[in-house]
Amino acid sequence: MLTKAFLSPAEIEERIAQEAASDKDRKLTPEQIEAIYSNGTNILVSASAGSGKTFVMVERILDMIGRGVGIDQLFISTFTVKAAGELKERLEKRLTKHLGQAETDEERAFLSDQIAKIGTADIGTMDAFTQKLVNQYGYLLGVSPTFRIMTDLAEQTLMKNEVYADLFNDYMQGKDAQLFQKLVRNFTGHSKTSKAFRDLVYDIYSFSQATADPEKWLCQNLLKGQIEAKPEQAKNELLDGLKDGLLADFLAFLRDHLGIAQREFAKAKYLNNVSDAIILLEGSLINDQTDMEDLLKQLLTLSGGTGLTNMTRPKDEELKAYKEAYNKTKNEFVAQLREVDTQLTVLEVLTKHNDDILPMLELLQSFVLDFSDQYLQAKIQENTFEFSDIAHFAIRILEENPEVAVSYRDRYHEVMVDEYQDNSHTQERMLELLSNGHNRFMVGDIKQSIYRFRQADPQIFNDKFQLFLENPDAGKLILLKENFRSQSEVLDATNGVFSHLMDQEIGDILYDKTHMLVAGSQKQKEPHPENETEVLIYNSDESSTSEDEEGPDQAISSGEISLVIKEIIKLHEQGVRFEDITLLAPNRNTYLDLMVSFEEHGIPLVPDEYKSSYLESLEVMIMLDTLRAINNPLNDYALVALLRSPMFNFNEDDLTRIAVQADKGQFYDKLLAAHTKSGLHPEVVMQGLEAKLTLFTETLADWRDYSKCHSIYDLIWKIYNDRFYYDYVGGLPRAEQRQANLYALALRANAYEKTGFKGLSRFIGMIDKIIASGNDLEEVTDLVPKNAVSLMTIHKSKGLEFKYVFVLQMNRKFIGHSKDGLSGKYIINREKGLGIKYLADLKDQINTNLPKLNVVLETLTFQDNRREERRASISEEMRLLYVAMTRAEKKLYLVGKGSKETLTQQYGTDVENNRLPVALRDQIATYQDWIMALDTAFMRKDLKFTVRFVEDEELTPEAIGQVEVKAAVDADDLSNNRQTEEIERALTVLESVEKLNHLYAPAIDLPSVRTPSQLKTFYEPIMDTEGVDIMDKKEGVQPLETASTFELPDFGQKTKVTGAAVGSATHELMQRLTLSDTVTLQDLTQALSRVSASDQVKARVQLEKLLGFFDTELGKLILANRDKLRREAPFAMLAEDPASKEDFVVRGIIDGYLLLEDRIVLFDYKTDHFTHPSELKTRYQGQMSLYAKALSQAYQMEKVDKYLILLGGKDLEVVEV
């Protein structure tokens, strides 16, 4: 076996010196070398943005392999499946290269072995690993290895609801029913359902599942805050803090003011109250026996109304400003005093009710524990689990079975984890159990921890960072701060912002020289003044923005969009390609507005994984309502939608004239009355409306008759043909997408009827059930332009880099500051547990005749949790801004909206430790306000960005401009036109036509669909299950008129069984076959009985071969992953003709495929006769490649394994293509 010693610290230092002395263009940094070669201890690599952490990981793995460590001796956890695939691909390429350079047979054999093992090595997500572990050792917990992962949210919700309903009824009728009703009412209020209480239970359950031991957390932490809460003690602490804090500051303020006011406002009446307040405060601060509550009430009485307000009217401008400043500060102090008074009242009430709250929450704790247990039992019974269940099973296996844990610890030379800052406590516990205590390698950057919503806890990284920093014996801390991605203008702006914003208080890390970004190469340091970071703010009147438009989900304004479009057009005119520009949005709510505006200006824009609702797309909704109206014209909503649609164009005036034809009844009856002029007001049915009604009633009647004896597929195409609807949407924005959606509707109707279900009513019922359940059908993948501006969320951009970056909606309010941010009835915290708002009945405390006097009180735990949650939320927003800013390579734009007058005068120049004060950073609600506060408090040269307000006058259509789309042929080019006589002009035209015909011959031969009729002619054979249909350019467009042929009826003749019929029957059987752990001959026979084929055809289907298929490796894989199986899946995609560069349509039906985490397994049944499998492998190579390409595009997954299942030979064969 290949073995080489690892480098010692001295050898690592020597290598660092050698690298520094080398003449390489791009040298490894000393920290990178340390990260690659250090060994023998736990290592934490804090890698700043663009510092090459993936490169370091790959090099470290290769170095270990080069020293004899097998790839199967490494545990490598990645954050996503995609990251794992990319890492495997890099390793395979590098190892293959090393294999070619190997000098000995032993080294070659070892490297070949490692390449072969990459596919099965433990490189992947923690979810994938825990599934593998539970598959192997689940029997120790009684878990069957054939378990299924429940990924469908609807399925999870259904099972949860069933368990919850039974448990809820038990508690409502149990011994603590009265207390339980009080508990439920505390969260549901006057609601007639228990949904709010159910949501609380589900939230607590979900939160507990992100901990390493859910049951332990529920028992020990859920009520920890409430148990430790001492309202009386909190009240005393609040009063004690008044003396040295608020009251002392108020006294100093009043003293300072009185000295000036007695001179400038000597006769002002309010000064007597100021003097009294000073006397009160001086006496109380000296006397330790002062009743602080009484003092507070006296001060509030003195300040009531205009008691302490300066009401004078000085003429001097300086005195006027001084007066206003005094009143403003005084009001702030009084507001704080009132807030303290309110808190004291709440604490007093909480003290009286504290003994009532805990028993109620203990009952809640019991309910959640019972729910967790019963929900798990329900999943065990169905042998289907969530990812969190599998993770906890894995932890239990390793904790309760030391021999299993030891086997893993002995196997792994090193336990590596990428994106360590986004680890959850469950994942951290798994890593601890797999490690031997000194062989962990962790890579991450706390400044990029942005996944709290997935229960990631950046404190895990932070604790390790502090531990290794303070105690090197515990582990080695390596900082990678050199950035190899961005130009100095981007790095300087990022450092300028975060060195004044981020610290341990907000951001969870002190952004000092240790963490500042440093240019990794000389080229990055070259100055480019034109690329200085710009803060672009659309100057708008804040009064025009309502509160409802503000918040984390607020829409982007048209002014911001216009501003961005103008800058992009400007960049484009300077030679910047669209594909080098990226827009980063806080969420996907802005996508549609941006797409529409960009399309209007001719700028191609590709949103990343933008998922619009297929069933809610306008063209599909209109077609569904058309089908509903055909099925039942008495459906008023569907009928009116069809009338208003572009197919018939009835306007509101038309509908009103129809509606008045009867006082009551269905709209269809009124429509018929209007058509026959037999309604209440026939005189209002004018000639134009009469023509519309005639067309509509005749068309609808024709469609209804047609639907009775034709398939839904044919009906849909008839609608497209009759009313030219397919052509109509082809002229709208996003035409290709709309037409693809309509085409897919016909395909799905056909696929639905092929399952054996017939009839328009059933199809509509199926669609309505999908809509009612909140689910959707996948939207058809659109053609994506190559040179286009990209649009994605900040979260999605993490780990990526782009030349020019626009960060949008800098004025969006943070969740913690928004109206609905933290205003719920409960907040859950990992340490303190559940904090609630308590519904207290104060009838006994207040003299009232009311039967009840309910008041909602925030418990101490709720207040504590809200403070922590708010601070944690703001810290993550700060890190999210860091991620956004560090994506740019060349230039960064920060785009927002606001009033110039307000933003430039809102903040002062106060600074603490070269940063904005903590209180101000905590109070600020948007990225934009952070930037503007920095701009006010610090010198512009320290910040390295410029702020520019853009006015409406700068955003006129003329000022914005338009992207010039160059035509392929300039029709107005008359340079070679002889222009003298008519004959010469005619010859010129003919010559031009001939040239164009020759130039575009391939495109002319390639059919282009011009009408729905022609389109249908091409699409008719789409459901052929044995192949892929391509609009072949050799076929051309068939003429509409074809010669009619009539064949004599085949009376009494014996039907000949064709191979195609047997093939179709075989495909249908495999589609109808119900899969379980094993497949028997009886299962196949039952499935065959349901096949819609003649008995002669069924007799030719070879069931023994099909049964044998499930004993093959592929058959076993399908049975083991049947929940990931897709059968008879229709597809349609656009491909480019290599000769003409024009698009043509490829479409077909895929027999089946498995959608696994790391790959797709595609398979196709073939009943063709063959003597050697290679014949069919060659024949269907192209077809399978097209299938694979379609699946790869649809699921964004590169690896597709392709198999042919050959049934036409002597024996069954499974061939990999």
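From the backbone N, Cα and C atoms, a Cβ is placed for every residue, glycine too.
Residues or ranges marked as ATP binding site by Swiss-Prot: A47, S48, A49, G50, S51, G52, K53, T54. Among the features that Swiss-Prot reports, domain 'UvrD-like helicase ATP-binding' is placed at 26-487. According to Swiss-Prot, the domain 'UvrD-like helicase C-terminal' annotation covers 515-799, on the basis of sequence analysis.
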ATP site, defined by A47, S48, A49, G50, S51, G52, K53, T54: further same-chain residues with Cβ within 8 Å of the Cβ centre: D445, L480, N483, F484
Among S51, G52, K53, T54, the most crowded of the binding-site residues [Cβ within 10 Å]: S51
Lowest local Cβ density among A47, A49, which the record lists as binding-site residues, within 10 Å: A49
Listed in sequence order, residues with CB under 8 A of S48 (ATP binding site) and six or more positions away: D445, K447, L479, L480, K481, E482, N483, H515, L517
Cβ atoms near G50 (ATP binding site) (within 10 Å, other residues, all chains): 22
Mean of the pLDDT scores, which run from 0 to 100, over the domain 'UvrD-like helicase C-terminal' (515-799): 86
